[in-house]
Amino acid sequence: MKKFKCVVCGYIYTGEDAPEKCPVCGAGKDKFVEVKDEGEGWADEHKIGVAKGVDKEVLEGLRANFTGECTEVGMYLAMARQADREGYPEVAEAYKRIAFEEAEHASKFAELLGEVVVADTKTNLQMRVDAEKGACEGKKELATLAKKLNYDAIHDTVHEMCKDEARHGSAFRGLLNRYFK
């Protein structure tokens, strides 16, 4: 048995010959092409690092936008927390929603650049395990210094984030071990 695809609507027909008419869109037999077994090939898909080798000014703009979008995520979430403290939960939710949209923008810049993400999940997980370990250590050092200088609020907040980084790293390590070791 062969497979035939309607180039108009994408319908796949299995048989010895293409049908006289597409049952979905009504296109004639001449609009069917035989499909060779090529796996799951897609007509197009997102690719990591398409900006590699582009004009220097464009590259700098992409990097600046990535940094800006990441910064906005943090700012908007902080603003959401403040709005909640002042009793404006709807404002807080708007900030959170917009922060997520800014995070999506940042992720697209990251994909274009291909500098902080690669086209391999195992490698991405390992990079994050390593990065979260470093972030945990850096925050622990900062928290310790803040405590030494009697900046209790700074110590408490940064120390809690240090523990969050350890939790993140453990989660990534668990996924790495489950899927790739």
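Glycine too: its Cβ is placed from the backbone N, Cα and C atoms.
The Fe cation 1 binding site annotation in Swiss-Prot covers C6, C9, C22, C25, and the record cites similarity to another entry as its basis. The Fe cation 2 binding site annotation in Swiss-Prot covers E69, E102, E165 and is backed by similarity to another entry. If you look up Swiss-Prot, you'll see E102, E132, E165, H168 marked as Fe cation 3 binding site, on the strength of similarity to another entry. Marked as domain 'Rubredoxin-like' by Swiss-Prot on the basis of sequence analysis: 1-35. Here Swiss-Prot flags 52-181 as domain 'Ferritin-like diiron', drawing on sequence analysis.
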Three-state composition of the domain 'Ferritin-like diiron' (52-181), taking helix and strand from DSSP: 112 helix, 0 strand, 18 coil
Model confidence over the domain 'Rubredoxin-like' (1-35), averaged pLDDT: 94
Collapsed DSSP category at C9 (Fe cation 1 binding site): coil
From binding-site residues E69, E102, E132, E165, H168, the one whose Cα lies nearest C22 (Fe cation 1 binding site): E102
Those binding-site residues listed as C22, C25, and which of them has the most Cβ atoms within 10 Å of its own Cβ: C22
Cα distance (Å, whole number) from E165 (Fe cation 2 binding site) to E132 (Fe cation 3 binding site): 5
CB contacts for E165 (Fe cation 2 binding site) [other CB atoms within 10 A, all chains]: 19
Cα proximity to C9 (Fe cation 1 binding site), best match among binding-site residues E69, E102, E165, H168: E102
Proximal residue to C25 (Fe cation 1 binding site) among binding-site residues E69, E165, H168 (C-alpha distance): E69
Cβ-Cβ distance under 8 Å to E69 (Fe cation 2 binding site), same chain, at least six residues away: E102, A103, H105, A106, F109
Neighbour tally for C6 (Fe cation 1 binding site), based on other Cβ positions within 10 Å of its Cβ: 23
For the domain 'Rubredoxin-like' (1-35), residues assigned helix / strand / coil by DSSP: 3 helix, 15 strand, 17 coil
Cα separation, C6 (Fe cation 1 binding site) to H168 (Fe cation 3 binding site) (Å, whole number): 47
Neighbour count (Cβ, 10 Å) for H168 (Fe cation 3 binding site): 17
